[in-house]
Amino acid sequence: MGRQKELMNRCGEMLHIRYRLLRQALAECLGTLILVMFGCGSVAQVVLSRGTHGGFLTINLAFGFAVTLGILVAGQVSGAHLNPAVTFAMCFLAREPWIKLPIYALAQTLGAFLGAGIVFGLYYDAIWAFANNELFVSGPNGTAGIFATYPSGHLDMVNGFFDQFIGTAALIVCVLAIVDPYNNPVPRGLEAFTVGLVVLVIGTSMGFNSGYAVNPARDFGPRLFTALAGWGSEVFTTGRHWWWVPIVSPLLGSIAGVFVYQLMIGCHLEQPPPSTEEENVKLAHMKHKEQI
């Protein structure tokens with residue numbers, strides 16, 4: 001055991017990446033991969049079973065818990081944004097340097113692409129058998145919707161843009177409230193579960209129109225994968241060239257979310273007064289008694 005542990009420690013030292021931003025990018029990639037793998041995996045199960053193995057609620061539950069797991073995996077390293085819209089909001093608030101935006105976005109999109117690839121491999125035979133060895137983007141035998149979002153037949157472009165805008169703004173407002181130490185901070189370690197709950201609520205209330213992407217990486221990465229995996233360029237033209245809406249609208253919605261939270265909550269929160277020396281002594285004494 002001793003030699004094995006020593007060998008593992010040496011391997012860890014050799015593989016350790018010293019460039020912090022690269023470590024963070026890898027964490028974002030893996031976290032987003034987990035999000036897409038479990039989230040789109042749940043969609044695949046519902047679609048390919050034609051509703052016998054789940055439904056709309058199970059998809060929303062899966063995406064909510066997938067976000068939670070992705071944050072738990074990557075949070076300590078990168079903050080687990082898992083979404084370019086979240087990274088954009090944090091950079092806009094000067095909580096993150098702007099250099100992180102393109103790097104995080106690329107890593108998140110790559111993670112989503114790889115997550116879609118895993119789902120495709122996992123359900124490879126079922127996908128091909130679903131429509132007699134053909135791949136359709138839309139229609140009763142469409143399977144591209146397993147991976148990326150597409151608008152419902154009733155939805156026009158303006159309403160769809162507003163749908164993604166509001167969904168992302170709501171997400172950002174809630175995320176900012178969760179991570180704001182001067183609001184009602186979530187107990188440490190529960191942030192991931194709370195953000196997952198936010199995604200679940202957005203899905204169950206705003207998912208009907210187009211599947212609530214509210215995440216450019218989660219939508220574009222898998223969409224690009226489907227284009228390369230056999231569905232072709234139709235994934236970009238279906239829905240009146242819908243593909244750009246889940247990219248542009250969430251980024252604008254994230255800025256709206258920042259303004260709404262800051263103007264109505266963030267700018268008005270009062271910082272707690274600094275503790276006095278006497279209070280610090282009392283706190284230290286209480287901690288000492290608890291240890292005894």
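Note: Cβ is positioned from N, Cα and C throughout, glycine not excepted.
Relative to the membrane, Phe56 and Ile127 are recorded by Swiss-Prot on the same side.
Residue counts for the topological domain 'Cytoplasmic' (1-24) under DSSP, split into helix (H, G, I), strand (E, B) and coil, are 19 helix, 0 strand, 5 coil. Proximity of the transmembrane segment (243-264) to the transmembrane segment (101-121) is not established, fewer than 3 Cβ-Cβ distances being under 8 Å for residue pairs spaced 6 or more apart. Highest Cβ contact count with the transmembrane segment (101-121) among the listed stretches 25-42, 57-74, 160-177 falls to 25-42 (criterion: pairs under 8 Å). Nonlocal intrachain contacts for the topological domain 'Cytoplasmic' (75-78), taken as residues 6+ away from its ends with a CB within less than 8 angstroms of a stretch CB, comprise 23-28, 31, 104, 191-192.
The Cβ of Arg218 (site 'Selectivity filter') has Thr32, Leu35, Val36, Gly39, Leu82, Asn83, Gln108, Ala112 as same-chain neighbours under 8 Å, each 6 or more residues away in sequence.
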